[in-house]
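Below is one structure, written out as structure tokens, with a few remarks after it.
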Amino acid sequence: MKAVHFGAGNIGRGFIGLLLSQAGYEVTFVDVNETFVTQLQKRGEYPVTLASEGQETVIVKNVTALSSVTHAEEVAAAIAGADLVTTAVGVSILKHIAGVLAEGIGRRLAGSTAPLHVIACENAIGGSAQLKELVYAKLDSEVRAKADISVAFPNAAVDRIVPLQQHEDILKVMVEPFYEWVVDASQMLPGYRPVEGVHYVDNLEPYIERKLFTVNTGHCSAAYLGYLRGYGTIQQAMADEGLTALVREVLEETGTVLVQKHGFDAEQHSKYIDKILERFRNPALTDEVTRVGRSPIRKLSPNDRLVSPALQAFDRGLGYTALSRSMAAALLFNVSDDPEAVELQAAVAELGAAVAVAKYTGLAADHAVHRSVMAEYDKLK
Ligand SMILES: NC(=O)c1ccc[n+]([C@@H]2O[C@H](COP(=O)([O-])OP(=O)(O)OC[C@H]3O[C@@H](n4cnc5c(N)ncnc54)[C@H](O)[C@@H]3O)[C@@H](O)[C@H]2O)c1
Ligand SMILES: O=P(O)(O)OC[C@@H](O)[C@@H](O)[C@H](O)[C@H](O)CO
């Protein structure tokens, strides 16, 4: 079985490539980073170390790589012959891989009706659906009709904390032991062969919302509030009890929405929150607040981890003050090598915070959540 995986970065090597290789796939990574590509081609394997007491290392074998810049032909050919395509490049990069993916799908459908699943493993609601739209926009109607039959884009939720890596071996990845990969079974092609280690569910929404609005909402809250208090890592921020209490408040707000909306057991959900906070604290990881808070404009966007749960709380008459505080803190995330942080800072300086909030969150200036964000911003500033 053959898989093509876009993005040989942290989660790509530390989770998706590892799991697919262990499930028996020959994995071809596709990346723009020439060093990763050359090293993966040359060695055909790389180590993944678990950030736990024993620090067990697994060697991921049966892998190679292609450059999406210099090997576009080979990438399209690999897609034409693959059983599975996955991505972990960042949701805003999906538009850049849609062209070669469309080319590969077109070639494949010219001579084969073998099933192909394309799964975006990004932190976003409906990541694969977004990718499908981008790819379909590049296919003609005849190819689209064929793709409707034998190519599927099931949405997914992936969870494993993989920080930025700093090892002598450039391919080595240190990952937390926990992992979860959930795929929407209702969007798979009939008779699909499950990938070992992937959890297939009939309705993905409760899973993706629970993950994004707990792990990622809590994570970015710790990052933005931690940044304001001068902490460099999530582990340092989470050692501050006052800060952890603020993060917990946020997760209590999202938890109330999730329990009401999806019918999760309140006690179980509370344990889920405890477990997530424990994962953030993992002393064997060093996870920088600048990684976890990266791309604040994406994180402040209407369907992402802050605005969406706040609006859902508002609609249900529930609290959203702690979520508003995290959004306000995002406005103060002044990291000069993060292009979105730079853009956000410039927008706040030029337009004022109220207009910038409306612009990036989609919240009208007279919306109660917008007013709440501004009230928290005035306090934090
Ligand atoms: N790191 C985590 O803990 C984690 C966990 C779950 C989900 N995610 C999600 O996975 C995605 C990747 O995150 P990451 O932390 O691995 O980031 P990363 O920056 O480590 O990896 C992204 C990789 O994509 C590559 N890339 C960029 N443009 C490309 C292109 N046009 N074609 C091919 N490759 C390209 C980059 O060179 C890089 O190697 C994001 O959507 C993130 O939200 C990350
Ligand atoms: O990848 P982002 O920028 O959407 O979010 C940063 C982190 O919260 C994220 O990468 C987590 O580590 C991951 O989602 C854990 O499963």
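Yeah, the Cβs are placed from backbone N, Cα and C, and that goes for glycine too.
Marked as domain 'Mannitol dehydrogenase N-terminal' by TrEMBL: 1-189. If you average pLDDT over the domain 'Mannitol dehydrogenase N-terminal' (1-189) in this model, you get 97.
According to TrEMBL, the NAD(+) binding site annotation covers A3, V4, H5, F6, G7, A8, G9, N10, I11, G12, R13, G14. Residues near H5 (NAD(+) binding site) in space but far in sequence (CB under 8 A, at least 6 apart, same chain), listed by position: G12, I16, G17, L20, V27, T28, F29, V30, V85, T86, T87, A88.
Feature annotation from TrEMBL assigns domain 'Mannitol dehydrogenase C-terminal' to 203-345.
DSSP assigns R13 (NAD(+) binding site) to a helical segment in the three-state reduction. Long-range Cβ neighbours of R13 (NAD(+) binding site) (same chain, at least 6 residues apart, Cβ-Cβ under 8 Å): F29, Y46, V48, V60, L171, V173. According to its DSSP assignment, H5 (NAD(+) binding site) is in a strand. Applying an 8 A CB threshold to same-chain residues 6+ apart, the list for A3 (NAD(+) binding site) reads L20, Y25, E26, V27, T28, A82, D83, L84, V85, T86.
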